[in-house]
Amino acid sequence: MPEQNRILCRELSLLAFNRRVLAQAEDKNVPLLERLRFLCIVSSNLDEFFEVRMAWLKRENKLHPRRRLDNGKMPSETIADVTEAARSLIRHQYDLFNNVLQPELARESIHFYRRRNWTGAQKKWIEDYFDRELLPILTPIGLDPSHPFPRPLNKSLNFAVELDGTDAFGRPSGMAIVQAPRILPRVVPLPSELCGGGHGFVFLSSILHAHVGKLFPGMNVKGCHQFRLTRDSDLTVDEEDLQNLRAAIQNELHDREYGDGVRLEVADTCPAYIRDFLLAQFKLTAAELYQVKGPVNLVRLNAVPDLVNRPDLKFPTHTPGRLKALGKTASIFDLVRQSPILLHHPYQSFDPVVEMMREAAADPDVLAVKMTIYRTGTRSELVRALMKAALAGKQVTVVVELMARFDEANNVNWAKQLEEAGAHVVYGVFGYKVHAKMALVIRREDGVLKRYAHLGTGNYHQGTSRIYTDFGIITADEQITADVNTLFMEITGLGKPGRLNKLYQSPFTLHKMVIDRIARETEHAKAGKPARITAKMNSLIEPTVIEALYRASAAGVQIDLIVRGMCTLRPGVKGLSENIRVRSIIGRQLEHARVYCFHNNGADDTFISSADWMGRNFFRRIETAAPITAPELKKRVIREGLEMALADNTHAWLMQPDGGYIRAAPAEGESEADLQNDLWTLLGG
């Protein structure tokens with residue numbers, strides 16, 4: 001195969017992932033309000049796609065227009081391909097909302113009322129709502145030499161209003177801009193009695209369209225057109241000018257709202273001259289214009305399921321399983337001393353991790369606590385426990401990653417609170433994101449210091465621990481806990497990388513470990529020995545790993561990859577990758593665990609990791625991979641993390657050589673296998 005065709009386009013692969021998510025919104029086996037949630041997830045993902053990936057392609061095209069990307073194409077060619085795919089996905093999305101989901105919701109007495117269908121009573125209520133809730137807040141900006149075109153915030157809802165007449169000062173009118181503050185709901189619920197006893201909603205844009213004239217008394221409103229600008233949201237911090245990372249991040253967060261435009265969304269009814277006017281204001285081309293049939297921000301529909309009390313239209317609730325042994329012992333440390341604890345979230349409760357930190361904060365024998373924070377949410381019992389530990393006089397060290405994309409403001413806030421409580425807060429290593437998920441407790445027992453560690457594949461975030469699938473291990477293994485301590489010393493101090501006993505870390509040893517393990521399986525296959533690689537991750541795009549997998553496949557290694565999102569490897573290509581199979585699991589839970597298993601002559605070397613197989617994870621982040629060696633725990637990780645995923649025939653998508661996906665289905669006579677439901681049955685409470 002030609003060199004330029006060996007690696008697929010990562011942006012097209014990411015859009016393909018969102019097509020699989022959108023398929024959940026089409027699936028009639030998914031409860032109706034959950035289908036609406038999946039539609040919103042796709043919209044949110046697309047926003048981030050334009051803010052990050054499309055923005056990067058634009059910058060690359062500007063700086064290096066002739067440099068070929070990993071997919072063998074130049075940036076301009078890739079932008080054209082990606083734009084076409086994005087347009088197709090967005091059209092599909094709005095068709096689904098307008099022609100499928102809205103009619104099905106209406107049959108369940110859940111209505112989205114358009115202006116032309118408002119009853120007299122609804123019109124009266126909506127006008128009162130506008131006068132009471134919107135009119136005092138909205139600020140129209142007339143465009144003239146003393147009122148230049150305003151800078152809309154990233155992803156904010158705005159309206160271009162065409163006017164006729166003269167204002168109070170005798171100025172001729174032309175156009176004004178109305179910005180809808182973010183505090184306003186984009187979907188407004190109507191009283192039940194106005195909706196025949198059901199649920200009714202109107203879009204904020206419809207309310208404003210109907211009453212925008214009240215913002216311009218005495219003027220004639222000729223047209224009102226909603227628009228939304230998506231901006232480049234990359235944060236850039238100059239290392240040479242850097243004095244205080246936290247202050248620099250706070251400044252950049254403000255600037256992010258006003259980055260370069262990358263996408264302009266307007267309604268499909270917007271006239272051409274208004275579209276052209278807006279494109280000129282934002283220095284965008286027609287290729288960056290997206291006309292949609294409906295509200296320009298479907299993300300805000302995610303409020304609707306929470307406003308509708310219809311359990312029959314939502315997923316049934318599940319209760320995470322709890323460790324029975326934890327209730328039989330006075331201390332989690334006593335339990336972990338006996339044997340390590342493996343947790344598989346959300347099927348098993350995240351509580352043992354929280355309990356470990358709570359107990360550490362209250363235990364007089366605990367001397368020090370260390371933890372990394374990447375994403376932890378706006379409310380965190382874990383961080384509260386760290387603050388209590390610091391206030392109790394314990395040595396508390398917290399590595400807060402301030403550059404966690406779209407969580408920067410939240411992490412800045414936690415860093416301030418932790419410092420005020422007396423914790424030592426460090427911001428990692430400039431130029432490397434601290435993505436490792438690790439915690440360490442140092443406790444005095446019988447006159448000697450004993451260490452306990454937690455290592456995980458997911459964030460210390462109690463909210464996402466109920467949605468994302470992840471593994472975590474709590475252990476007192478002396479070599480692993482010593483390694484975790486070494487990693488904290490590396491991050492917080494200065495010096496050369498320490499020698500690790502069992503853990504592998506990025507950016508120093510993890511990539512080499514993966515390459516070496518693949519090479520070993522390759523040699524075993526060449527020698528006629530059984531050789532197999534099974535791995536699960538969010539993304540696979542690192543070219544040297546992909547080439548190593550191609551070599552392994554050519555040698556006869558059987559390779560099964562479970563890649564939820566981006567995958568730029570081509571599976572099943574004769575002479576290149578015929579022994580590689582790739583599948584993606586898309587279901588109620590977001591598959592987030594990273595698990596690697598290398599057969600190694602039957603030893604089945606198994607690791608859980610914070611790292612995907614991407615260049616950023618191997619070379620620009622601090623990551624960990626921990627071996628799972630206890631026989632029962634290894635058996636669980638292989639079964640729950642890999643084998644059951646490979647058996648799934650209800651939510652699995654099978655990747656094709658061209659980068660497309662086909663949904664798996666049970667063969668004739670084969671029973672259904674549903675990874676996530678089966679794990680709830682196996683592990684849930």
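Every residue gets a Cβ built from N, Cα and C, even glycine.
Site annotation (Swiss-Prot, ligand ATP) includes Asn45, Tyr468, His592; from Arg19, Arg564, Arg620, the additional listed residue is Arg564. For the recorded positions Asn45, His435, Arg564, His592, a Cα-Cα cutoff of 10 angstroms around Arg375 (Mg(2+) binding site) retains His435.
Rounded to a whole value, the Cα-Cα separation of Arg564 (ATP binding site) and His435 (active site, phosphohistidine intermediate) is 19 Å. Cα of Tyr468 (ATP binding site) to Cα of His435 (active site, phosphohistidine intermediate): a distance of 16 Å. Annotated ATP site Asn45, Tyr468, Arg564, His592; additional same-chain residues within 8 Å of its Cβ mean position, judged by their own Cβ, are Asn538, Gly565, Leu590, Glu591. Cα spacing between His592 (ATP binding site) and His435 (active site, phosphohistidine intermediate): 14 Å, rounded to the nearest whole number.
Cα of Asn45 (ATP binding site) to Cα of His435 (active site, phosphohistidine intermediate): a distance of 21 Å.
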